[in-house]
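Trainee: Below, the features straight out of Swiss-Prot:
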type	residues	note
DOMAIN	4-121	domain 'Response regulatory'
MOD_RES	55	4-aspartylphosphate
DOMAIN	169-354	domain 'CheB-type methylesterase'
ACT_SITE	181	active site
ACT_SITE	207	active site
ACT_SITE	303	active site
C-alpha cells in the first residue's frame, strides 16, 4: 500500500524537486504540492495525506502554526523541511516539540542539487514517518534506485575497538548513556527534566543534523535541573551534567584517571548514522563496564543494538523503551533481539528509574 504525501513549501524549486523525487518511489504517492498552509488546507479537505513535508517560514501562515492546527485536528506524521540557520534550528525544535517526527535540512543556496543528492535519504524519511504512532507523539508532547542495496553499514569497529574484557574500572562512579532517534526529541524533553541535579553524568546520542544539536541542548537546559550542553572534547561527565552528541560527529566517553570525559570526533557513518548510538554505547562499555546504565529509546533502524549488547556483556544495566510508549519501536526491538536488554520499560518508568540513581 502506497504512502500518500503532501508537500507544503513556498519555494517552487523545492516543491518541484521533492514532487519528482518522491513520485519516483513506487510506494509513495504525491497528492500535491502547496505553496502555503492555506492552499494545503484546501487540498486536505479533498483527501488527507499519510505524511506531510512542511516548510517552516511561509507567507500567510507559518509552518509551526499550521503544524499545531494539524495536531489538534488530526495528528499526522509531519517532516519539517528546514533551513540550516540558527533561527531555523530554534523554530524546528519548537516544531519537533509540537509533534513533528523528523527533520530534512536544506541549504539557502543550491537547493535543487542538495535535494537530488539526498534523494534516497528523503524517500526513506517519508517511509519511516508513515510508520510513526501519532497517538504516542501527541501524548509525549503534551506530557529500482530506492530498492537498490543500501550503502554498506559500518560497525563501531571503524571508530574504536570492541571491548576486550580486560578493562580496569577504576571507580564506582556511575554513568548513564542514552540513544534514540525518531520521536526521541519529545522523549528526551519528557525524560531529562525528571532527573535531579544529583543524578550521574548522562551522555546522549539523538540522531539529528548538525547545527540543530546545540539549539536542542540549549532548549533542554532551560527545562532541566541538570546542566545540558552540546558535548565538546574534554567535557567532564559528572553528576548533574548531560552532554548531547553534536550533529555530524561521534560522541565517545573515555577515562581521564578516575573521571569520565567526552571525546568528540569525526569518522564514517556507523550503523548509517553520525553520531551513532553504537559508538557511544561501545565506548561506555569499554570505560565504565558495570558502572554504566544504558537506555535505548524510540527510533527507526538498529543503531545501538550491538552497542547495547556490548554494554550488557560488560556488566552494565541495560534498558529498552517498551513498544506502547515508543513513536517507532525499531531501535529498542533490535536491541532486544540482539539479547542485550535486561529490562523493558515505559518512558515514564525509565524516567522514574533514572531519577532514583545517584551519581
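Quick reminder: no glycine exception, Cβ is built from N, Cα and C everywhere.
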Trainee: Restricting to the recorded positions 55, 207, 303, which ones have a CA within 10 Å of the CA of residue 181 (active site)?
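Mentor: The recorded positions close to residue 181 (active site) (Cα within 10 Å), listed in sequence order, are 207, 303.
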Trainee: Using DSSP, tally how many residues of the domain 'Response regulatory' (4-121) sit in helix, strand and coil.
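Mentor: Reading the DSSP string over the domain 'Response regulatory' (4-121) gives 56 helix, 28 strand, 34 coil.
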Trainee: Calculate the distance in Å between the alpha carbons (Cα) of residue 55 (4-aspartylphosphate) and residue 207 (active site), and round it to a whole number.
Mentor: 20
Trainee: Quick one: pull the CA-CA distance for residue 207 (active site) versus residue 303 (active site), whole Å only.
Mentor: 10
Trainee: Restricting to the domain 'CheB-type methylesterase' (169-354), report the mean pLDDT as a whole number.
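Mentor: A mean pLDDT of 95 is what the predicted model shows over the domain 'CheB-type methylesterase' (169-354).
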Trainee: Can you name the residues of this chain that are 6 or more positions from residue 303 (active site) yet have a C-beta less than 8 Å from its C-beta?
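Mentor: Counting only residues 6 or more apart in sequence, the Cβ neighbours of residue 303 (active site) under 8 Å are 179, 181, 207, 270, 271, 272, 273, 276, 277, 278, 331.
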